[in-house]
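Sequence annotations record features per position, and here TrEMBL assigns coiled coil to 79-127, 153-180. The domain 'Nephrocystin-3 alpha-beta' annotation in TrEMBL covers 272-432. The domain 'Nephrocystin 3-like N-terminal' feature in TrEMBL is assigned to 495-623. Sequence annotations record features per position, and here TrEMBL assigns domain 'Nephrocystin 3 helical' to 649-799. Taken from TrEMBL, the feature domain 'Nephrocystin-3 TPR-repeats region' applies to 829-1067. Per TrEMBL, repeat 'TPR' is recorded for 1119-1152, 1161-1194, 1203-1236, 1245-1278. Marked as region 'Disordered' by TrEMBL: 1283-1309. Among the features that TrEMBL reports, compositional bias 'Polar residues' is placed at 1289-1301.
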Amino acid sequence: MGTASSLVSPSEVIEDAYGGEGGEACEIPVEVKPKARLLRSSFRRGPRVIGASFKSTGSVELEYAAEYERLRKDYEIFRVSKNNEIASMQKKEAKLDEENKRLRAELQALQKTYQKILREKESAVEAKYQAMERAATFEHDRDKVKRQFKIFRETKEKEIQDLLRAKRDLESKLQQLQAQGIQIYDPADSDSDDNHTTVTTAGTQCEYWSGGVLGSEPSMGSMMQLQQTHRGPEFAHSLIDVEGPFANVSRDDWDAAVASLLQVSPHVSQALWSNTVRCYLISTQETRAELQTFIQTHSLRLQRFCEGLGHFYLNVSFPEEKAALYAAERRQEIERSSVCVLLLKSSVCVVEDVEEAFVKTPDSRPLLLYLRTGDRKGEKEEVSTLSPSTRDLLERVNKADKSVLDHAGSVEGGAALIFTQLERIIKQELLGLELEESGAVEEREEEDSGDVLWDLHDEQEQIEAFQQACSAASRFSFQKYVDRLNDMVAAPPPTPPLLVSGAPGSGKSLLLAKWLIELQQKHSPNTLILYHFTGHPLTTSTDPVLIIKRLTVKLLQHFWSISGLSMDPSKILEEFPRWLERLSARHHGNIIIIIDSIDQIQNAERHMKWLIDPLPANVRVLVSVNVETCPQAWRLWPTLHLDPLNPRELKSVISTECVNSDIKLTKDQEKKLERHCRSAATCNALYISLISRLITQSRSSWTLEKTLQQCASCQDTVSLYRLALKVALDSLSTDQEKHIMKELLCLVCASRNGISESEALELFPDLSFPALTSLLHNLERLLIITYACGLIRFQHPQVCIYFSVYHFQACEAVNQEFLDGGKCHGSYREKIIRFFSEQLKQDRVTWRLADELPWLLQQQEDRSNLQMSLLNLFVSQNLYKRGHFSELLAYWQFVGKDKCSMAIEYFDSLKEFEKTCESEQSMSRLADLYETLGRFLKDLGLLSQAVAPLQRSLEIRETALDPDHPSVAQSLHQLAGVYVHWRKFGNAEQLYKQAMEICENAYGPEHSTVARELDSLSLLYQKQNKYEQAEKLRKRSVKIRQKTARQKGHMYGFALLKRRALQLEELTLGKDSADCAKTLNELGVLYYLQNNLDAAKMFLTRSLEMRQRVLGPDHTDCAQSLNNLAALHSERKEYESAEELYERALDIRKRVLAPDHPSLAYTLKHLAMLYKRRGKLEKAVPLYELALEIREKSFGPKHPSVATALVNLAVLYCQLKQHSDALPLYERALKVYEDSLGRLHPRVGETLKNLAVLSYEEGDFEKAAELYKRAMEIKEAEPSLVCGKAPSHHSSSGDTFSLQSPALPHASR
């Protein structure tokens, strides 16, 4: 053993293994294997050599070891050198990487600099082009103003020369006449009318831009007057002084007329606004066979017909032997009935019903009397066999000119005769239709709405909600809240939304409804009021898209145009603030928007962002919320909080209910109730109303003391409702009735919108109608259910009697009492699904099926059946045509289909359906389905896929019907809409004109379909900047729509107004009284609305005479009648009589009313207008000055209405040649308009143009040119009403819409 040091001498130099350049040798330890092992290994390598010595073998091993050591040393030196090279290369690589990074950073910096320089260059080039464009525009505008002013100056100079020439001629003629001794009456220079364009010279009119403007009325006699289009009550109804129900009604606006009639006329029965046709059938034993045959054979046809039009049909009949058991129900059903049919032979049965329907109120509803004059075997029935009561009834019916059917044939013939007459009555008198196929009705609805898809049931729901609120007799004092609402609405702009908050059941909805009634009656006719009452979160009344679309449509209808409204849900929400801003700028009055229970709207805080943005100056918004669910961002708004009831109000409510039911509480019982109703959960108005009903309703089953005991144990409204359910169950006599009640309430709770009475009778075959109506009557009295759109439901956008929240708590009580907290909903939903699925198999696709079946399948998460129901083309068509666009998309999204796959599914279904179509009727339905699919795809943005179904629809209609059929025009219209989206305006224009030509040939040039095509062409021209052509077509369209509205009226407007007139005439047959005189005045206004001026004059005269007898000649009501009569004479051009009546009305109001009373200003205005019309300008001046003074006191000196009065007075001074007096008035009015309405408002432009004319006549041509230029700039900058796309600063940026299922099963509602 040893080391390698023996192999190297110390003085030798070796290479340093660690990179050194050299040095002395050092000892390097090297491990060497033992020699013995070497020897052993060498011995094993071969056979042993005999004779070899041990010494020679050892020397060989030593040589091997030396060689090994040398090689090992070389290897170590080589390895170390290579490691050094690798380390050196790594250092170089790192150095190169750093250099590369530096160079890349420099390159990026250079690229950024380059991009910056490039952008600066592009900006500079763009700025250069813009500057050149502005310069060219400026030059063009300057040349245009020069030309306009030159024409203006030359025209005025010519007019002056003509006037001077005419003046000299007249002076010479006057001298000749005076020389002959003839006295000449010299009228004033102007004979302009307030509601017409001022005539500046003979035969020339100064036209300005069209459309109304903000203010109380147009500038009277303005030299640059606005050309008037229909602006609502101020123009069409400006002369009639109505302070009652019809203050907001225009004869040209039947929507407003009917709405006002329904909202504020409590005498209108439910039958006139309900969408259920209730046929009350009264029969005798002798005519029982005809009744049974009619019900079994013919009533089903009437039911199918009404279902096709979106109505329910119900036979109401009480058997003679059980009629006495249902006295209260019979009275209620007669009041609610739409038509009454009496079947008799010789005697009258159920005398009370006959007396009520045919004798006491014969004009409340259509009546039909069926008289069998002979029996079926041919035996003659002598007239002498009729009983005296039957004779008397026949005489009364004949005097009332009611339908009497004499029949001597078979029972089947009699039933068929009844059916024929009933069908005519339902079509003509109840639904306002002509005797034609139902397809024509569908076409008419599309005509009325143009391209806007609208659900009449949603509107019906709102009308019913408001009507029920107005019919309710309020037992609570809201006057302090009403006064605060009036003050907040009258506050100067800008005004944020007003929040009405309160606990559940505190009466927020009733407060808004009652305030809205007063607003309709007392506010200015120029005030446009829009309202929406929301219901249960599951219903369509809480869909934000449908709510905003309804408000937008109402706004646009007020301006006689609904073109340009998008069907895209996100665009509807985004564009509403823009529409509101544009239309509010054109409305000369306030716009008030009321939304009840806004916190119930789906994703309200996100979809109602426009409430947070600044509102236009003349817009006021009121919303009510539950104080517990109000979003935090809204709590900063001005708030009106409803306090709990005080003990006095509590006692008043309960005592009133007890008095009506002949119940008297002891003082101890009253004190117990008062002590019990002190907590926050028991002192709200809903709880008090319900407890008072329980006290009066539970007498039949419980004692009064037991009822009070049970009520005292209920600490909240839900528990009180559970008690009400027990009371209702205990009032039923049999277990079957109790079971039916539970099942019925559970079905209503499990459904989406409730169920109808006819559906309940089909779901429960053993249930008779008298038993059903008795059960529902009892539940309605207990505030558990109500009726809405013909449906039995817990919830309603407005209360059945009082409040809008009871329905949630009643539903919750049913959940807890009968449905195990809502866990049993599934079984009841399956029952309803089976019911509607059976209807679907029978091809009975109604609006009820389309509303309920997909929703129920979605709640059950049955995606396959949901897809199958949606692929029933008539279900999807029903949803789409009623405007439920977003709901249909949400169903498909729930199924898991995107737009393209959904379109493919519809195409495949249509192809399959087309194979089964053979008859002309089926081909017509197929064309309708293709058109609906095309419109749907167009609204989805799938334009290329929408063309094919629209073209197929056009081909089918041209082949199956006729190339000139109106349905072909409908297909052309829809196809043109696609070309407009593609911006192929030439093709679209050709199709629109072709469609208009077909409509004119089919219906005449003044039909609503022609107006639709005119609107579309106008919109098309505006997109091409052809504003003059567009304006011309728009004016023609508005005239057609106004004329059509006057002729056809609302969907049931004429029938309602006619029926209301007959009711009022009945009310005026009693003794003289103030109420009777008021009714006569209202009746005169109604006939005025129907353009029957002779009848209006008769009733207004009777009203005046009665008021003078009852109230005295100096009463303010007499002044109202005088004012109305004067307006009537003025409209008939009987100016002398009108002037005398106006002066009498003014004299009374000056003596009786305050100097700043609005009614006094009203009479002053119209008398001044009459003086001006008759040329008595000097007499008109003090009246206008007084009107200006009243307005300054009423509104303040900076109100737009004051500016309008200033302009009116200035115009009068100009006509009297008092230019120096007119100039400061114009300047002051201009300042007020600019400060209140903005510098670009049309009223500012009108005033500037008037000032330009005044400056020109004063000789200041430079100032006149400057003012005229400003006026023209405002005119050209005015946004388009129909298709203006300028962004609104009132709109919420970033407001997006995401499709969401109406009510996902797992979602929290």
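Keep in mind that glycine also has a Cβ here, set from the backbone N, Cα and C atoms.
Unlike curated records, TrEMBL annotations are generated automatically.
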Do you know the DSSP helix, strand and coil residue counts for the repeat 'TPR' (1203-1236)?
31 helix, 0 strand, 3 coil
What mean pLDDT does the predicted model reach across the domain 'Nephrocystin 3-like N-terminal' (495-623)?
76
Report the DSSP secondary-structure composition of the repeat 'TPR' (1245-1278) as helix, strand and coil residue counts.
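Helix, strand and coil residues of the repeat 'TPR' (1245-1278) number 31 helix, 0 strand, 3 coil.
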Could you give me the DSSP helix, strand and coil counts for the repeat 'TPR' (1161-1194)?
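Residue counts for the repeat 'TPR' (1161-1194) by secondary structure: 31 helix, 0 strand, 3 coil.
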Based on DSSP, tally up the residues of the repeat 'TPR' (1119-1152) by helix, strand and coil.
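Its residues divide into 31 helix, 0 strand, 3 coil.
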